[in-house]
């Protein structure tokens, strides 16, 4: 190639051999030197790629070897939880790579090979066709290194494809390869341009290089479409199979956006996420966040131990966001240079066109670089915090399974899982801002000083003051957050009690008092958070101080240091302001983050303290480790000993000086059936806890040994909200259907299961079932697991006698399955029928001593030995359950999804909660703040325009600066008042109203609905949703409003300063509208799924904690944890995808800003070049104002997006509250209109509110009652009594009549399952009636019907002649006294309620009378031990057993109703198996207590014991929802049917009447 002789050395080829970087203009205009391009564009990226590729290859090969070893070790094991995993668990399956990916890989390898060939050809042409004088010293080495780098590409791509982690998905193109190819294309293009200029565009070398560039683009495209080939054949994450560009611009999310836009997303329809986020992988990486040997005390490093452990668990991935963050910092800090160059270009007159084109190109590179680096930075940061979330939640669940059950632990776990983990993850997402902010500050200050000199250092002073303030606030914020979260825990604990006891609360009519107690706790919570919220106000005020005060201090110092007449050029002033704004804008965020870090450290400290808690020690393991035999050392072993306890004393607390069980010695051989009995509160359940290892012996030299697999059934059955069939086989690995059939038949569940819908759930803790059905399910589940040792804690007490006798014979009889399998059984019971079949009977007395015992013989024993109990009326018709449930595959959420709740309704609900005046003040405060914040920019524009010509200035600099300083102080005053109003007034006001809305919805919901909803789902609304309302929503609302109003002001300023930009505003508005329209549909659904999936975690944690003893007894922890991990995977997917779509939106908005910047720059350059002739030109001050706002507009829009998307999430919580409140069926206050009632017997009194004294006498009358749990149409047929009335009315004139009239009707109702069918019954005032029947016969339903808790479709129920259908339900339940089956004491733990106030809130009785009641009920000693009547009523303080709780509730009822009844008043008392947990002697005494304290009260009692039933005036037996028998025990002639029902004969009554021996006595 020929060239002209150079005129100087700078214009010869020697100029190309210098580093430059710019080449002399006489050679080429606006270009780099060849040497610079070879070093920077070829050598550096190629060498870096080769080093990184070698490191990656070593990592892949080492990982492949580790996986091969791990696979060999794990293929022999079976995942016991696979049947319970769902949703995104599918991504765990190792789907083989299909033909599409194989063909794609071949194409990629062929393209890469051809590319290497072209590079080798180019190297040959460079050496052969280009003279050495036209090459630099690095031309050939650079080409060799480049060829080597491209030779590594197919090698690395091949190993990424073949040696991938099996669960990680197909990666046909490595991210590293994609990054290198994209960088190589961008950098290689200028080099090809240089070669074309040097060697001619038609040379062979240039042609090969152009072909190489094209082939690189093809290879990039091949890599980008790898995800399309993968999606067709696999179920792997589209993110992992996406290429570099797909990851950079978020194209892998397009499938999610399209699906969300067109259809409704569900947890199962979400795309699989990155396999590195799978819980099993995260748990392995984060396993050391749990202390190896927890000491029960905080760790040595305190809050930093867990923080360091988290980052250590992330490993090098913790540093992944560093590179994109540095790139983002570089692009951001380049903006002032661009602005300064643009202002100089505009202000310095004509300039070459290439300078303008260079500015446009620089604008494109800078703002596009900001967009892409922002996307990468936040995607990598969110991936890390998603891992941290998974690790922390998984760690909390693991730790919970290792702890002993203690009061408050469950609420603490739920609070940590939601509140603390959220605070930690949302804060740690900004972790890298902590180290990059000082770097940006240092560079920005240095550059500021270059413009204004030493006065620029003043900005460091204000930054230091603000940082010190934020650090101080952060330290105290952690303390105040602890105080606040402690109050949250108390409220959550009380709410959990309320939800768990919702049936008892509704029956007792305690809803209003419970709601008031929860509201009181809510108020205490806001009082506890007041200082925390005040600190937030201080934080926000401090964060805005730098942005507003720094310009004033810098310019003031500059003016004072120079002369009073000093003036600024537009370039100096606006460049300085841009640097200050770039310093202040991230500092606003940083100064808000620092206190948040303090709060996050406080949360880490709370979780770490939880991790350090002393763990449950399984004494069985320790004993078995010492000696595999449970026999005494030195003792000749004749029989195999299953369990033994030697010289051991036990108590519920380790520090108790007086053990409950003392010097226990017990040896039980394999196959023995041992019964333990004793009075209430003597320690029977504690003995079982000791055998389980849940409590440790308190004396030295003790020994507890258990040999074999254990199963445990507690007195309160632990059941999960599954179908009944799933419960039975829940933890069974035995797939033998014949064994399952035997267990189902032995537990008398066959007919019950056949009557159930296969998909119907049983409700939280089996709330849709009767007590007997719950216990039988738990018993079947335990036996199904084939235990060696079975521990039963009074599980048969809620079961009717006949069913119980069958179960006893089929389980414990000589042909029973437990006898056949040689299962050792230890059973706590008060039931003599159970004791009959025991090999050993032991009794615990009040002193804690365990002694052999023999029940006295009774006539019942003789009958049971001589006759079969399976005769009589119980076989005359099939048994039916009164608790059949509708098909329910999960908890019944509101019928409409939250997405159906419009935004208008959500905002209206929130604005209604804060009040109209507060709303107006908030909007006004925001507008004032935005105006005050941005108006100084306009003032600066006027200032520079006026000062451009000092001779014509209208005002001196003091005028301009003084007003400028005042204007910059106004935003601080405005923001202080604005935020104070929000945090101190709006937050408690809205939080209280929304909490009350939830409480009212739950308390007023129909019983049939609320009993089917998962407790975890409900609790999630009181926990997570209200946490969003209290802590997230106010800050999100403030940040959204501030960013929105500020952004509007910036756009206005840009448009006013650069008028030509106004033409792009409509286009910008249209783009933003379409963007939000497309984005919001998906993001809203993901937010809902995020909240929904956390409800599942709530449920799993809550259910697991309630069943800890049962789970640990059978060692089901691993399976429970695996299932929790499956639920955590389902929860991680929407969380991660929501963060990713938010990152995508940030990327797109930054690209929009890039487009706006290009419009500004292009118009400015165009007007400068061509506008002089037409008179249209851009002013320097106008461009300065435009760029001053443009440099921060992108960050403003990003902040707006971040705050707005977070606000949408919190508003999603309000949408859930609105949806739940709207779609939850509420009880009607009055079932029918009073004027439509049939007043038979009631006269006209039904039309008015019952008098205060109602019911005065307590008479009850049921006439042809048909009742159902179906509440879809409560009022249906309530006003139509035809067909439901008895044939003849029972007179109400006081004459003696048969108390019960049994009628039949011809009407048949087959469309609805009726729990009560044509019940007619009359109970006279003061009469005591026992209601008996088989399990599920409708006994409890009868009481629920009386209380209006189930729908009475036909018939009539009246009390004292008044139809209860016309009585408000709250009034009805308040007038009837109830003791439910599951005793409920109080939710008010922690708010100061005393035992005295709980027993007699109205103060009707004196302390002596209250003490007498407690003494008669047998719980006075417990109350005295807890601190007397002035002690707290909390469960932790009382420590009552199940039986003692029933006695306490009885005492409370007597205290509240006894005054009236003892002075001649009547009333009604309903007992729903209220003494089922008491021994027979105590049960008998309760009847005497009731007669003593409530002599005139009408009693309707559901019970199972014949001995107790015979103490009542009459006995009613129900079967299949109908009245089967009614007898009066005192009659001389009684039908034998009633005794046949109880498995007794007539002789039993005769022995009772003649003083025969009875074990009751």
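A Cβ is built for glycine as well, from the same backbone N, Cα and C atoms used for every other residue.
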Record-annotated N-linked glycosylation site (source Swiss-Prot) among candidates 235, 1496: 1496
Transmembrane segment according to Swiss-Prot, located in which of 577-597, 598-618, 619-639: 577-597
68-88, 89-109, 110-130 - the one Swiss-Prot records as transmembrane segment: 110-130
Among ranges 139-159, 244-264, whichever one Swiss-Prot labels transmembrane segment: 139-159
For the transmembrane segment (110-130), sequence-distant contacts whose Cβ falls under 8 Å of one of its Cβ atoms, 6 or more beyond its ends: 139-140, 143-144, 146-147, 150-151, 153-154, 157, 199, 203-205, 208-209, 211-212, 215-216, 218-219, 222
Same-chain residue ranges lying at least 6 outside the transmembrane segment (452-472) that approach it to Cβ under 8 Å: 441, 445, 538-539, 542-543, 545-546, 549-550, 553-555, 557-558, 561, 572, 576, 580, 583, 587, 591-592, 594-595, 598
